[in-house]
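K.L.:
When I checked TrEMBL for this same protein, it listed these features:
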- 10-26: compositional bias 'Low complexity' (COMPBIAS)
- 67-347: domain 'ABC transmembrane type-1' (DOMAIN)
- 396-630: domain 'ABC transporter' (DOMAIN)
- 1-31: region 'Disordered' (REGION)
- 63-84: transmembrane segment (TRANSMEM)
- 104-123: transmembrane segment (TRANSMEM)
- 175-198: transmembrane segment (TRANSMEM)
- 204-222: transmembrane segment (TRANSMEM)
- 282-306: transmembrane segment (TRANSMEM)
- 312-332: transmembrane segment (TRANSMEM)
Amino acid sequence: MMNTQDQTVQAGSANDAASAQQSADSQMEEMQIDNRAAENSTPAQKGAWKRLFWMCYQPHKKLFHKIIFLALCCAMIEASLTLVTKAVVDDMVALGPEINLQKYALLYLAMIAVFVSCIRAFIRITGRLSSELMYSLRKQTFEHLQSLSFSFFDKNAVGWLLSRVTSDIARIARVIAWGTLDLFWGVPFIIAIFTVLLVLDLKVGLTVLALFPLLVAVAWLFNTKILKSSRKVRRTNSRLTAIYNESIAGIQTSKVLNREQENLQAFKVDSAMMHKQSKHNLLLTSAFYPFINLFISVAIGVGLWLGGIEVLVGTLTLGSLVAFMTYARMLMDPMLEVSGKLAELQRTTACVERVVGLLDVEPEISDSHYVRQKMVNAMAAGSNVIDGGDETISSIEFNDVSFAYKQNEPVLSSFNFKTEAGKTIALVGATGSGKSTIVNLLARFYEPTSGELKINGLDYRQRSLAWLQSNFGIVLQTPFLFTGSVASNIRYGKLDASDEEVIAAAKAVNAHELIMKMEHGYQTQVQEGGNNLSTGQKQLISFARAIIHNPQILIMDEATSSVDTQTEHLLQQSLKAVLKGRTSFVIAHRLSTIRAADEILVIDKGELIEQGDHQALMNKQGVYYGLYQKQFQTEQQASLLTQ
Ligand SMILES: Nc1ncnc2c1ncn2[C@@H]1O[C@H](COP(=O)(O)OP(=O)(O)OP(=O)(O)O)[C@@H](O)[C@H]1O
């Protein structure tokens, strides 16, 4: 039988190699799960296992059926082998040298050949099912995650989500695939052995079998205790790792602040605890197998004694007694493994609930039924626009818009603003005043808590999300690039863009020359997160990516603030051409960069307090004037100092 539990790996079973691999994987994942013990998991959901199993079973029915068939074959062959031994012994006693050993040898060989073929097939098929389940569950979860709104990601840490998609799903896929095999092998195998034992001799069979439920209960108890103790060891181990990690990563700070002794002390305390817990764990593990073996041996001894008497009085054949003893010993493996498998299913319930809980989260922002219907009609009518509405954005209006990320903590209050297409709107104001929130609302990453945001006079909730968001180009303060070539990063904004379009986008933002200076030009590989490029290089590439699909609205949130002056100069030069005729919202702390904006909105604590172009606001001598003067003076002082 296949075994995923380290405690129940049986030496000499036909599939120890696969078991060992599973056991190692299981330990790794369990460690990760235990290390997350303190995390919030989604509330337990009724029937989570049933739903998830059904989700896995439906698209992979064929593989499941093959595994069940192979498991049943293995169980039946394994149970029948001992009957061949019984027949040989009985014939030997009855026929002596007349026995046809060749016949039995051939039968035995044939059965073993089928058995081995079944094992080979199920290792392949179950492994395939496990990886297909992993793939399809990860795909579904990933697709679902991509459909969720920003607010969901505000509340759930990236690490937590990654664990769901990686280790939880890996564990579930493995438990479902190998668990199906084990249960459909183990349970029929146990039933077959029980039946044969009772048929061979009802009285002895019942006496021996009466001891087995007790064995299962004791094994379960041991399993639970070993598991608890292993968890304690692992938790202490992760604390130790964290202390080690912090001490090494912060070695400079520790040295400067003379904290080495305290760090050592903390390490010593946890090390001593780990030593104690490991000893206890070893004690339990080392007692488990001898105890179980002793238990089985007692049961076999009782069987041998009672069966021996029956052989002597002639009510039982010698072959039956041999078969009896062999079956009794064989019972231990499937019983331990089935109980272990059930315990593992139970332990995986938390993973299942978390994954099902994740799949159940509804996106807070999605197309309404009305919009979805419009999209169906538009598709039927062959419209160019996904929802059949206006293609061109001619006006944007914030009508009494208020917003709060958290209840009772308003970030934006009664914000009113209207603009025609093609204008450059600058948003200025102190940190935390609500500038990014305004553009997040505009791109419908969040929706107003009250009020309306209108596009061409229509509440934007009456347009499809796909249409609206495909009309935006966004450049953020911290550019994010994906692993791949520079060209593929630019193309991310328009997947079907030709090489010429990629180059034209780069040229439009003055990034072409800089890219050509890189070792492999447009084919230069970007490492994870763009770590091998400077912030300026990354920003220029993300700028090209934002404009390659020629968005109607361009948002730049502090896009030039983290780049060096030379790159900023390059960006500013290209900005004029890129912004011309395009509606753009520019957030900038450096006011000199937004002087040319058509309209400047001064935001303070979520309210629009001043509005107008640079000259009008300077003439007004209000908040903007004050901010500008202050920055101007600071910049002048800085330039005098560098001269
Ligand atoms: N995702 C979020 N969840 C909860 N609160 C948030 C979130 N994003 C922003 N806030 C809060 O909303 C307020 C406005 O933030 P916002 O980012 O819009 O300000 P900002 O003017 O763009 O600031 P900065 O100039 O520093 O970027 C702040 O108090 C901020 O802490």
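Glycine too: its Cβ is placed from the backbone N, Cα and C atoms.
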K.L.:
Can you work out whether the transmembrane segment (63-84) touches the transmembrane segment (204-222), with the criterion being 3+ CB pairs under 8 Å where the paired residues are 6 or more apart along the chain?
P.N.:
no
K.L.:
For the transmembrane segment (204-222) against the transmembrane segment (312-332), do we get 3 or more Cβ-Cβ pairs below 8 Å once near-sequence pairs (under 6 apart) are dropped?
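P.N.:
With 3 or more qualifying Cβ pairs, these stretches touch.
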K.L.:
Pairs of Cβ atoms less than 8 Å apart decide it: which stretch in 104-123, 175-198, 312-332 has the most with the transmembrane segment (282-306)?
P.N.:
312-332
K.L.:
What else in the chain is close to the transmembrane segment (312-332), if you only count residues 6 or more beyond its ends and a Cβ gap under 8 Å?
P.N.:
10, 78, 82-83, 85-91, 93, 190, 193, 196-197, 200-201, 204-205, 208, 212, 215, 292, 296, 299-300, 303-304
K.L.:
Considering every residue in the domain 'ABC transporter' (396-630), what is the mean pLDDT value?
P.N.:
89
